[in-house]
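**Q** Below are the structure tokens for one structure; questions will follow.
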Amino acid sequence: MMMSQPNSVGPAVLTAFRIHLHPDENNGNGVSLSEMAILPGHTETDKLQTNRDTVFFRDGVRRIDFVLSYVDDKDGEKKQERRKEFEANLEKAGLELETEDKSESKDQKTYFLKIHAPWDVLATYAEVLKIKVPFKESDIPHSQDAPLEWLSHPLRLPEHIMRPQPDYFTYPFDKKKTDFFLISDKDTFFPPSTRSRIVFYILARCPYYNEGRKDREKTGIKRLLSNGTYAAAFPLHDCRYWKRARNAECESERYNLYKNWARFLCFYKEQPLNLIRKYYGEKIGIYFAWLGFYTEMLFFAALMGVICFAYGLLSYDDNVSSKEICDANIGGSIIMCPLCDKKCPFWKLNSTCLSSWQSHLFDNEGTVFFAIFMGIWVTLFLEFWKRRQARLEYEWDLVDFEEEQLQLQIRPEFEIQCTNRRLNKITQEMEPYLPVTSKCARFCLSAATVIFWISLIVACIIGVIAYRLAVYAAFASIIKDPMRKIQLVGRFITPQLATSVTASCINFVIIMILNFFYERVAIWITDMEIPKTHLEYENKLTVKMFLFQFVNYYSSCFYVAFFKGKFVGHPGAYTYMFGNWSTLRNEECDPGGCLIELTTQLVIVMTGKQMCGNIQEALLPVMRNWWSGRKGRHHPENHYSRWEQDHVLQNFSQLGLFYEYLEMVVQFGFITLFVASFPLAPLLALFNNILEIRVDAWKFTTQFRRPVASKARNIGAWLEILNAVAVLSVVTNAFIMAFTSDMIPRMVYLYAYSEGSNMRGYVNNSLSVYNISRIPLRSMPEEHDYWFDNSTTTCRYRDYRYPPGHEREYTHTMHFWHILAAKMAFIIIMEHVVFMVKFFVAWLIPDVPSDVKARIKRERYLVQEHLHNYEVERLKMQLSASFVTEPRSETSSTME
């Protein structure tokens, strides 16, 4: 049975309550009608205290759907005029307002405007927004539990948390068919998240000018927030996160989320996705569903990475190449050519003994298998996520949402800034549009800005490369002979390692600085393009930000993986960074290979980013609360109202989820694009994401104001980006294994050049010979008192070239071309194998599960059947009513 409208009780109760609050207005005697409502044993103070932490108006009946706050300042008259017009227009739109005076607030400065949407307003805008509401409880049974479901029982949460409401058949709300829907109580028919969404829709489009003036720019709460007319606008949390609400009508969902989701001790528990969706909306719910699924899949990648790393450890003693390098009779007798001009001395090969062992941990046969495995893993992850997403779309009633979103969610900024109007051929209504000339001009300016900033990143990377070249010579002059002239630490810090670590740290600092500036630039140029819908806005910003982040975070890794050591030349004909006139000679790889340097670069940038992100997300809010003097739990509820408690929380911006997605997608790039160099990267990502889920949950429940609920059926443009990264990762890992790793040269030597099918002699075979006397003066070390035997006339370097005296001296040998052919063949074979498996897996696994397809068809059939039956019954009632009234009219006419 339907209850009366909530605003029908309001005026009388509200008047009595105001008299009670202000006894002076009632002839000073303090007697009011509201005192009659005080129960025996309760004082007037108790009555007031219970109303400080509430989500209702003073009458205790009307729910607060939104809160606006403001402070009087020096520009008060102009802002007061804006507020007056805005609030008058809100009341004309049907909203009910109630103001809390600044004397009632804790800081004695802030006014709070509480907004309530009555039933008529909710019903009208629910029809406009095509909000789906229940009309019949679903009779489609849930899927049966798996046979071994009891094994996952420790990971489960209580059923009332996992399913906070029963399943219903839903249909877009129609104000004319209220008796078709399951409306038992108009006060609670629309959940708080939907109510706040409707109110925000009104606030975003409500003007703040007089009827006689038509200034289109003076529209919407966003402009009022930006010009300081209002300080904040937000819906209320339903209770404090550490304690249930006193009012039984409040759901206390925030408390349940904190208890079962936001605490770190729940890290092994499943996420209450249905409750997250109910409280925060589908858009936030789909993010946590994706993050949880990604973390679950990371477990398998991390497990395989640990196995491959363990293989490297277990095969440590079988590494013949490292043994030869460390052998005093082999590596100790090989004199290597200087690695830089002037400052770098000749050196013995066994000085790189430690780095060769370290390189073997990541550069072994298991790495090839792991690179292929990750190419298949990323496909399984994306395909299974599509299935999971399809199931959520059905369960959360989002199957037909996208078309409505594209039509309805036009940004208020677009409506305001686009003064031109044209006829929409579909709706036959005039709508705003952006002329083609203006659109092209804005796009060109945006593209030029993006190109400029990407060029700035490339310039910074070139600067870091120049730093590496210059500093390497300085380190080499300090650490000339790690085995002889420097003490214990010199055995572990080589010029290559010192250069790589310092350059990686500097590069990381530059990355963070550029991120800080580009975030603001990307938002500015996206605003300048004036996208039409919220979806278009987010997609454009996503592409710009990820393109920048891709170049910013990965360019240094691409340099180490594919450029360092590839364009060095050879003694007597070295290649220089800025031409032969410069002194910056191109870097050579560490004798242990460039893979270990790529590992170092990846570990520093990836872990540095994750640590900075976690510190920023977890510690900064705590420090901000401490600095602002916020007491949290120490504020008693009777002195600290619900709106004041939420007002001091951080605002969750429209782009809040955008940065969360961006952080995870950048991490996804690290563990897929360069995973061949560091098999433990998925393990680090797994640990980070377990923490990330709970930190994000903690922020949402304790540190952020409640965001306005919004819908989304998928993760948007991020899925296309993940697909692109997945395809690119196959190519990058194939090239890393071919050109950065020493795996292919070792395989060619083992199967084509070795004697006895073993790796003995590989080190000597991989080094070419050069005549010291032919080294140019500019490349000769400054100190000529070599510590090796002066009778030595040759030095060695990493390459496959003919020795001095040969008719084709210093040109590439056939061994070099055999290795190059093997590398190209490996790339082609690996890419084709992985891509074939990827496409086969993608074809084999349908994007939408068959049971979900059947349920969608079944539900659509039942919805149409119930709607048809409703229309038939309604028509019968109309016909029967007409038959009853017609004879009466005929009888009355004959009597006359």
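Along the chain as shown, residues are numbered 1 onward.
Cβ from N, Cα, C; glycine included.
Heads up, here are the entries from TrEMBL:
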type	residues	note
DOMAIN	56-273	domain 'Anoctamin dimerisation'
DOMAIN	276-859	domain 'Anoctamin transmembrane'
TRANSMEM	287-314	transmembrane segment
TRANSMEM	366-385	transmembrane segment
TRANSMEM	443-467	transmembrane segment
TRANSMEM	497-518	transmembrane segment
TRANSMEM	665-687	transmembrane segment
TRANSMEM	715-739	transmembrane segment
TRANSMEM	824-845	transmembrane segment
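Walk me through the surroundings of each of these features.
**A** Remote same-chain residues near the transmembrane segment (287-314) are listed as 270-271, 273, 276, 360-362, 364-367, 369-370, 373-374, 377, 380-381, 384-385, 388-389, 392, 657, 660-661, 664, 668, 671, 675, 679-683, 685-686, 689-690, 692-693, 696-697, 715 (criterion: CB distance under 8 Å, separation of at least six residues from the stretch ends).
Same-chain neighbours of the transmembrane segment (366-385): 290, 293-294, 297, 300-301, 304-305, 307-308, 311-312, 671-672, 675-676, 679, 719, 722-723, 726, 729-730, 733-734, 736-737, 741, 743, 830, 833-834, 837-838, 841-842, 845, 847, counting only residues six or more beyond its ends whose CB sits under 8 Å from a CB of the stretch.
Here the transmembrane segment (443-467) has Cβ contacts under 8 Å with residues 503, 506-507, 510, 514, 518, 521, 525-526, 528-529, 544, 547-548, 551-552, 555-556, 559, 577, 584, 587 of the same chain, all six or more residues outside its ends.
Long-range Cβ contacts of the transmembrane segment (497-518) within its own chain (Cβ-Cβ under 8 Å, at least 6 residues beyond either end) map to 355, 453, 456-457, 460-461, 464, 467-468, 471-472, 475, 479, 545, 548-549, 552-553, 556, 590, 597, 600-601, 604-605, 608-609, 612.
Sequence-distant contacts of the transmembrane segment (665-687), counting only residues of its own chain at least 6 positions beyond either end whose CB sits under 8 Å from a CB of the stretch, comprise 294-295, 298-299, 301-302, 304-306, 308-309, 362, 366-367, 370-371, 374, 378, 546, 549-550, 553-554, 557, 561, 595, 598-599, 602-603, 605-607, 609-610, 718, 721-722, 725-726, 728-729, 732-733, 736-737, 740-741.
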**Q** Using a Cβ-Cβ cut-off of under 8 Å, list the residues of the same chain that are 6+ residues beyond the ends of the transmembrane segment (715-739) and lie near it.
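**A** Here the qualifying positions are 286-287, 290, 367-368, 371, 374-375, 378-379, 382, 385, 389, 535, 538-539, 542-543, 546, 561-562, 566, 595, 598, 661, 665, 668-669, 672-677, 823-824, 826-827, 830-831, 834-835, 838.
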**Q** Summarise the model's confidence over the domain 'Anoctamin dimerisation' (56-273) as a mean pLDDT value.
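**A** In the predicted model, the domain 'Anoctamin dimerisation' (56-273) has a mean pLDDT of 86.
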